Amino acid sequence: MMNDGKQQSTFLFHDYETFGTHPALDRPAQFAAIRTDSEFNVIGEPEVFYCKPADDYLPQPGAVLITGITPQEARAKGENEAAFAARIHSLFTVPKTCILGYNNVRFDDEVTRNIFYRNFYDPYAWSWQHDNSRWDLLDVMRACYALRPEGINWPENDDGLPSFRLEHLTKANGIEHSNAHDAMADVYATIAMAKLVKTRQPRLFDYLFTHRNKHKLMALIDVPQMKPLVHVSGMFGAWRGNTSWVAPLAWHPENRNAVIMVDLAGDISPLLELDSDTLRERLYTAKTDLGDNAAVPVKLVHINKCPVLAQANTLRPEDADRLGINRQHCLDNLKILRENPQVREKVVAIFAEAEPFTPSDNVDAQLYNGFFSDADRAAMKIVLETEPRNLPALDITFVDKRIEKLLFNYRARNFPGTLDYAEQQRWLEHRRQVFTPEFLQGYADELQMLVQQYADDKEKVALLKALWQYAEEIV
């Protein structure tokens, strides 16, 4: 990988298969990654490995039906999560690596952060330290469809809307992807999509790659002038190609990586007519519960999450027509907003109060409760450098209340042999609180229902039976 004595930049394409959809409360099953050079030529060996589930967790049946990976298979082929985390960490922290996948910003990266959090690695540094970065090809595909669709076949789903599912895109473009939802197959498919866009739409590809960087994005955002931009985001919905013209009203009052945008294609009357309390309530009301009320056409754009933003004229008139975006309506709304600067204060007030949030007392769900201090981070590094068998004798104090609980869970899940009698009892009590009679009854009912639903599908029934056996074995 050396090149003129300097480390070359590489892409690390990766994908997780997990035992459920919740990045903090569910667990990883399999990880796959391939490193490529800047032209997407494979460097080194493909990496695939499994994670052994700990004994305080049962997989979501629906996830196992999708991936086909049973907890028994993960246990037989896998290593404990501490070792699993260490391998991923060493891949992700090679300098000048751009870590990417398909829908990773919203899913896989959250899985990574939570794995690192549970296993005493910095949850964030991998994506920025040592010239590293992250990127996500899902929004690249969405942007390509909306802004420069030529040269690529765009499949539709059953509703006649564009589909950005990896297996649909690969099929429509004649790319081999026989084993969807196998992590390695998905990684190869993602590399193939990257090559396709780079070949067919090189200027768009290079623009989006450069603008994965938050400092580059910041340069596009002009709040005082409310300068309009084109924004591509899954939040807008496939019915309009996930695209709209937006205008920046203000920076978020607390999160310096978030800018408050108005969707210019929306109905802006609520912003003019309602006060900030009413707007906040409506913003956090599900669309289905709004009734006749107009939605609040405001969204946060997080510049550290690789959002797609570009100059307004990047969306050509013919593409706006194809996507059903009314340019004149957007221009009219922009004019009204510029004439009503008081709207800025209202939207800042909406976000000045935190989003309704129920704190969890489960330490696994507390990644976002705050950053760790330097002293605690140094102490966590010592935990990693200590032989597991010496962890019980480790005499360090932590300031953050989470760390003692994390350390206990880390030992109990990965190195149960290091627990003394009192600690074994504490872990047993923890497992009793997880596997309550109500939880187990609900789990059994779900398996039963799925067995009936898939009675004719031998493979699925076998997976469900394996889950039943696994539950009986560990509970």
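Count begins at 1; order follows the chain as displayed.
Heads up, the Cβ atoms here are built off N, Cα and C, so glycines get one too.
Around the Cβ of Asp15 (Mg(2+) 1 binding site), the same chain contributes Phe31, Ala32, Ala33, Gly101, Tyr102, Asn104, Asp108, Ala183, Met184, Asp186, Val187, Thr190, each under 8 angstroms and 6 or more positions distant in sequence. Taken residue by residue with DSSP, Asp15 (Mg(2+) 1 binding site) is part of a strand. What Swiss-Prot records for Asp15 is Mg(2+) 1 binding site.
Feature annotation from Swiss-Prot assigns substrate binding site to Glu17, Arg165; the stated evidence is experimental evidence.
Around the Cβ of Asp186 (Mg(2+) 2 binding site), the number of neighbouring Cβ atoms within 10 Å comes to 24. The feature Mg(2+) 2 binding site is assigned by Swiss-Prot to Glu17, Asp186.
Taken from Swiss-Prot, the feature domain 'Exonuclease' applies to 13-192. Over the domain 'Exonuclease' (13-192), the average per-residue pLDDT in this prediction is 96.
Positions annotated as domain 'ExoI SH3-like' by Swiss-Prot, on the basis of sequence analysis: 202-355.
Marked as domain 'ExoI C-terminal' by Swiss-Prot: 358-475.
Other Cβ atoms within 10 Å of the Cβ of Ile66 (site 'Interaction with single-stranded DNA'), summed over all protein chains shown, number 15. Residues or ranges marked as site 'Interaction with single-stranded DNA' in Swiss-Prot (evidence: experimental evidence): Ile66 (among others).
The feature site 'Interaction with single-stranded DNA' is assigned by Swiss-Prot to Arg113 (among others). Long-range Cβ neighbours of Arg113 (site 'Interaction with single-stranded DNA') (same chain, at least 6 residues apart, Cβ-Cβ under 8 Å): Pro23, Pro123, Tyr124, Leu367.
For Tyr124 (among others), the entry in Swiss-Prot reads site 'Interaction with single-stranded DNA'. According to its DSSP assignment, Tyr124 (site 'Interaction with single-stranded DNA') is coil.
The number of other CB atoms found within 10 A of the CB of Trp128 (site 'Interaction with single-stranded DNA'), across every protein chain shown, is 13. If you look up Swiss-Prot, you'll see Trp128 (among others) marked as site 'Interaction with single-stranded DNA', on the strength of experimental evidence.
The site 'Interaction with single-stranded DNA' annotation in Swiss-Prot covers Phe164 (among others). Long-range Cβ neighbours of Phe164 (site 'Interaction with single-stranded DNA') (same chain, at least 6 residues apart, Cβ-Cβ under 8 Å): Leu138, Met141, Arg142, Tyr145, Ala238.
Marked as site 'Important for activity' by Swiss-Prot on the basis of experimental evidence: His181. For His181 (site 'Important for activity'), the count of additional Cβ atoms within 10 Å of its Cβ stands at 16 [all protein chains shown].
Following the DSSP three-state reduction, the secondary structure of Tyr207 (site 'Important for interaction with ssb') is helix. Non-local contacts of Tyr207 (site 'Important for interaction with ssb') by the CB criterion (under 8 A, 6+ apart in sequence, same chain) comprise Ala310. Sequence annotations record features per position, and here Swiss-Prot assigns site 'Important for interaction with ssb' to Tyr207 (among others).
For Asn257 (among others), the entry in Swiss-Prot reads site 'Interaction with single-stranded DNA', with the evidence type experimental evidence. Mapped onto three states, the DSSP output places Asn257 (site 'Interaction with single-stranded DNA') in coil. Residues near Asn257 (site 'Interaction with single-stranded DNA') in space but far in sequence (CB under 8 A, at least 6 apart, same chain), listed by position: Lys214, His302, Ile303, Asn304.
In three-state terms derived from DSSP, Tyr284 (site 'Interaction with single-stranded DNA') belongs to neither a helical nor a strand segment and is classed as coil. Counting every protein chain shown, the number of other Cβ atoms lying within 10 Å of the Cβ of Tyr284 (site 'Interaction with single-stranded DNA') is 11. Look at Swiss-Prot and you will find Tyr284 (among others) tagged as site 'Interaction with single-stranded DNA', backed by experimental evidence.
Look at Asn304 (site 'Interaction with single-stranded DNA'): DSSP puts it in coil. Taking all protein chains in view, 17 other C-beta atoms sit within 10 angstroms of the C-beta of Asn304 (site 'Interaction with single-stranded DNA'). Among the features that Swiss-Prot reports, site 'Interaction with single-stranded DNA' is placed at Asn304 (among others), with the record citing experimental evidence.
A gap of 7 Å separates the Cα atoms of Ile66 (site 'Interaction with single-stranded DNA') and His181 (site 'Important for activity').
The shortest Cα-Cα distance from Glu17 (substrate binding site) to any of the recorded sites (His181, Tyr284, Gln311, Phe371) is found for His181. A straight line from the CA of Tyr284 (site 'Interaction with single-stranded DNA') to the CA of Phe371 (site 'Interaction with single-stranded DNA') spans 26 Å. Neighbour list (Arg165 (substrate binding site), Cβ cut-off 8 Å, at least 6 residues apart, same chain): Asn157. If you draw a 10 Å sphere around the CB of Glu17 (substrate binding site), it holds 23 other CB atoms from the protein chains shown.
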